[in-house]
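Asker: What Swiss-Prot records for this protein is below:
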| type | residues | note |
| --- | --- | --- |
| BINDING | H83, H182 | heme b b562 binding site |
| BINDING | H97, H196 | heme b b566 binding site |
| BINDING | H201 | ubiquinone binding site |
| TRANSMEM | 33-53 | transmembrane segment |
| TRANSMEM | 77-98 | transmembrane segment |
| TRANSMEM | 113-133 | transmembrane segment |
| TRANSMEM | 178-198 | transmembrane segment |
| TRANSMEM | 226-246 | transmembrane segment |
| TRANSMEM | 288-308 | transmembrane segment |
| TRANSMEM | 320-340 | transmembrane segment |
| TRANSMEM | 347-367 | transmembrane segment |
Amino acid sequence: MTNLRKTHPLMKIINNSFIDLPAPSNISSWWNFGSLLGICLILQILTGLFLAMHYTSDTMTAFSSVTHICRDVNYGWLIRYLHANGASMFFICLFLHVGRGLYYGSYMFMETWNIGVILLFAVMATAFMGYVLPWGQMSFWGATVITNLLSAIPYIGTDLVEWIWGGFSVDKATLTRFFAFHFILPFVIAALAGVHLLFLHETGSNNPSGLTSDSDKIPFHPYYTIKDILGALILILVLTSLVLFSPDLLGDPDNYIPANPLNTPPHIKPEWYFLFAYAILRSIPNKLGGVLALVFSILVLALMPLLHTSKQRSMMFRPISQCLFWLLVADLFTLTWIGGQPVEHPFIIIGQLASILYFMLILVLMPIASLAENNLLKW
């Protein structure tokens, strides 16, 4: 009799995805982040569910309900900080996952990559709306500033912003709908992640060399299941250390002040994982131009397959492209730092130069370097 694992309609799907899946024999730890993102998503949905049991999405009680969760609910403080810092871990894994894709040319799997870009936008939208829910000063003013950006859209902008707000300012209607969307989006993300995997399994995984690995495949289980478990243990170790020793390290102290529409904080800034995009937004003096640059800073990822001019897929054997890739990483760190600084000299000019370099590297320098490498290899 055939193994039930291979015949049962449900078990068969799991088997073909996580057990008998043929995987390249040489994929490194950079390929661990897909499973880590899955763990992060499950953790966020579970902790979020338990938080939603005690949270109230009303402007009068939202801040108090979060305080109540931390003070009165059994292990409420743990659930709340796991959720808040879990978001940070989620984004760390996301950035590393995308960086891996850029370095090793994984974007050549067009469908998988494009769904990944949509997933990135969805996670960013979810995180933004989640940050509004505790209804602290940064929640309120962050929501006001970011939603206001839509008013830069010609003709329909103002109406669009008021439609999203559900009034003439960020208020009760805004908070309620943000809670509703923040609750539903992770399930949409989970469904999209399933489609992401579906398309990945149509082609099989890429590998560090960028060469086809059809001649050398190994089963996913036990080789990569045990490797993923190690990755998961490290993720859990880092997250629990963060939550138990310095839960507010990555947060903003201003969010412990209840939202007050009459008092603007001196420096409005988003969570650390949005700072690079925020720096690009602020570096353009024009409102519409800034919004377009902000959107394009992420959307440019969708152009990566079109900008690939090299005859090789991976950067493993391309030293010039490697240098430019790490320059891009350094540039993103610079943008993240600038995004958290006040708008004054010398931060303004540093941010503008870093923003120009960001787009120059992706759109101009890296494609040229790839062509140069082709010529150097006489290809």
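Cβ atoms here come from the backbone N, Cα and C positions, even for glycine.
In terms of burial and nearby residues, how do these features look in this structure?
Answerer: For H182 (heme b b562 binding site), the same-chain residues 6+ apart in sequence whose C-beta sits under 8 angstroms from its C-beta are G48, T126, M129, G130, L133. DSSP gives H182 (heme b b562 binding site) a helix state.
Around H97 (heme b b566 binding site), the C-beta neighbours below 8 angstroms that are at least 6 residues distant in the chain are F33, G34, L37.
H201 (ubiquinone binding site) counts 14 other C-beta atoms within 10 Å of its own C-beta, drawing on all protein chains shown.
Sequence-distant contacts of the transmembrane segment (33-53) (same chain, at least 6 residues past either end, Cβ-Cβ under 8 Å): 69, 79-80, 82-83, 86-87, 89-90, 93-94, 96-97, 100, 182-183, 186-187, 189-190, 193, 228, 231-232, 235.
If you look at the transmembrane segment (77-98), the same-chain residues 6 or more away from its ends with a CB under 8 A from one of its CBs are 30, 33-34, 36-37, 40-41, 43-44, 47-48, 50-51, 66, 69-71, 116, 120, 123, 127, 130, 235, 238-239, 242-243, 247, 250-251, 271-273, 301.
Distant neighbours of the transmembrane segment (226-246): 29, 32-33, 35-36, 39-40, 78, 81-82, 85-86, 88-89, 93; these residues of the same chain sit at least 6 beyond its ends, with a Cβ under 8 Å from one of its Cβ atoms.
Within its own chain, the transmembrane segment (288-308) has Cβ neighbours under 8 Å at 98, 102, 105, 107-108, 110, 113-114, 117, 120-121, 124, 149-150, 152-154, 276-278, 280-282, 355, 358-359, 362-363, 366-367, 370, counting only residues six or more beyond its boundaries.
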Asker: Using DSSP and three states only, what is H196 (heme b b566 binding site)?
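Answerer: It is helical.
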Asker: So which residues does the transmembrane segment (347-367) touch in its own chain, when a touch means Cβ under 8 Å and the partner is 6 or more beyond its ends?
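Answerer: Apart from its flanks, the transmembrane segment (347-367) reaches 279-280, 282-284, 293, 296-297, 300, 303-304, 307-309, 321, 324-325, 327-328, 331-332, 334-335, 338-339, 341.
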Asker: In Å, rounded, how far does the Cα of H196 (heme b b566 binding site) sit from the Cα of H83 (heme b b562 binding site)?
Answerer: 24
Asker: Run through the Cβ atoms and count how many others sit within 10 Å of the one on H196 (heme b b566 binding site).
Answerer: 21
Asker: Translate the DSSP assignment of H201 (ubiquinone binding site) into the three-state scheme.
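Answerer: DSSP call for H201 (ubiquinone binding site): helix.
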Asker: With Cβ-Cβ distances below 8 Å as the criterion, list the same-chain residues six or more beyond the ends of the transmembrane segment (113-133) that contact it, or say none.
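Answerer: Result: 55, 57, 62, 66, 87, 90-91, 94, 98, 101, 106-107, 139-140, 142-143, 146, 174-175, 178-179, 181-182, 185-186, 188-189, 192-193, 195-196, 199, 270-271, 273-274, 298-299, 301-302, 304-305.
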